[in-house]
Amino acid sequence: MEIGIDQIGFFTPNKFVDMVDLAHARGEDPNKFLIGIGQDRMAVADQTQDAVSMGINATAEYLDQVDLDHLGLLIFATESGIDQSKSASLFVKEALGLPAKIRTFEIKEACFALTASLQVARDYVRAHPHHSAMIIGSDIARYGLSTPGEVTQGAGAISMLIKEDPAIIALEDGHTSYSENINDFWRPNNFQTALVDGHYSRDVYLDFFRHTFAPYLEEKGLEVKDFAGICYHLPYTKMGFKAHSIAIEGQDDAVKQRLSDNFQLSAKYSREVGNIYTASLYMSVLSLLEKGNLQPGDRVGFFSYGSGAMAEFFSGKIVEGYERRLRPAMHKRMLQERIRLGVGQYEETFTEAMQTLPENVEFTSDANRGTWYLAGQKGYVRQYRQK
Ligand code: HMG
C-alpha cells in the first residue's frame, strides 16, 4: 500500500520585515543577512496570530477536500504551545468542525516534531486502511530583538493530509534516525524566547546530517544521483545550503547542477518567511513542488532536524498529476499581499505579541476576510474567530 502526502496547506501571517531594513537598523552589512544567512524577508506574527490560529488557517486551505468520515487522527506539532496541558489540536478541531471520534493530541521535539507526526500518521494509515490522518506544524520562532538569532526568526504553519494512494508524494519505506541529548537550542518554561548556542547548533545540524544521509543511502542501496532533489530543515537557507554542499561533494557536474537548482527552488518560501521550526522542512518541500519542475516518479529526500537533538532522513516519490493538488497562485498572493513593517513597527509588533495575555482581553485583526485569528482571551481561555 502506498502512503504519503495527499494535501498540503500553508499559512504565514500578513506582516513582514525586510532583511535590508533590519541590517541597516542593526548596523550590519545587508549582505550578511542576504547572502551570509540567506534570508530576504521575515514573517512577523502580531498578537492576533498564534500557533493555533496559524494551524487552523493552513488546514482550512484544503478542508473542503477531506473525507471527514474517514479522518481518524489529528496531530499538532509545535514548540510555540499555548497551554502546558491541553492540546492545541482541540482548538483546531472545534474551529473546523472535525468529527468528535478522531484521536487527537499535541507533540514536541523541537523542529523534528512534524516529522514525528508524519511517521506516526503513516503507521496509523498502514494499520487503518481507508482512514486518513491530518498533521499540523505551526510555530513562531523568537530569539529576541537585536540578538544574533533575530535574523533567523519567522512565523507560519504547514498542514498535511496523510493517506493511502496519496496525490502528491508517496513515502518510501525506511528511514535513518540519530539522536543525542545536547543543548544547542532550547526554551525553558519561563522563557518567551529561545536560548541558543548558535555556532554549536550549526555544527551539530551538519554532524547529524552526516549521521543520517550516508547511512540512508547505504541502507537503501541508493546513490546521490538517484535523487531529483533533497529538501532540508531550513532554520535559515544558508544552513541547508551547507548540508547540501556535503550531499553533492564529489558528484559529477550534471548531478551537482540538478540538486543545486532544486535546492534553490526549495529555499524560495523560506527566504520570504524565515524559520517556522516544525514546519520549515515541509515549507521547503512545498516550495520545491510549487516552484520546481518535478516529474512523476522523481525521488525527493527529506532531512529533518530538531534541536536537542533528533534527526531523520527519509524519502518519497512524486505522484503523477501532483501539480493539480497544489495551490501556488494562492500562496503567491498570500506572500504578495503582506504588509511591510518598518523596523520600529516590527519591534513594537514583536514586543506586543510576546506579552502574557491578561485574564480577559479582546483583539481585532487586520487580516484578510476568511482568516482565522486570536480574538482574545476570556477567563484565561483563548478565543479564535474567523474574519
Ligand atoms: P552570527 O554569529 O551573527 O553570524 O549568527 P556569523 O558571524 O556566523 O555569520 C553568518 C554567516 O554570514 C557566515 O557565513 C559569515 O561568513 C557570513 P558561514 O561562515 O556560516 O558560511 N557573513 C557574510 N556574508 C556575506 N557578506 C557579508 C558577511 N558577513 C558575514 N558582509 C547564527 C549566525 C546562525 C549562529 C545566528 O543567527 C543564530 O544563532 N541563529 C539561531 C540558531 C540556528 O538557526 N541554528 C541553526 C541550526 S539548529 C536548528 O536548525 C534547529 C532550530 O530550527 C530549532 C529547532 O529545532 O526547534 C534552530
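Any Cβ shown, glycine's included, is placed from N, Cα and C.
Binding of (3S)-3-hydroxy-3-methylglutaryl-CoA is attributed by TrEMBL to Asp29, Lys242, Asn275, and the same site annotation extends, among Tyr124, Tyr143, Tyr373, to Tyr143. Among the recorded positions Asp29, Cys111, Lys242, residues whose Cβ is positioned under 6 Å from ligand 1 are identified as Asp29, Cys111. Rounded to the nearest whole angstrom, the C-alpha distance between Cys111 (active site, acyl-thioester intermediate) and Tyr143 ((3S)-3-hydroxy-3-methylglutaryl-CoA binding site) is 15. In this structure, the recorded positions under consideration are His233, Lys242, and the one with the smallest number of other Cβ atoms within 10 Å of its Cβ is Lys242.
If you compare every pair of Cα atoms in Asp29, Tyr143, Lys242, Asn275, the residues listed for (3S)-3-hydroxy-3-methylglutaryl-CoA, the longest distance is 22 angstrom. When the alpha carbons of Asn275 ((3S)-3-hydroxy-3-methylglutaryl-CoA binding site) and Glu79 (active site, proton donor/acceptor) are compared, the span between them is 12 angstrom. Residue counts for the domain 'Hydroxymethylglutaryl-coenzyme A synthase C-terminal' (256-386) by DSSP state, with H, G and I taken as helix and E and B as strand, are 57 helix, 36 strand, 38 coil.
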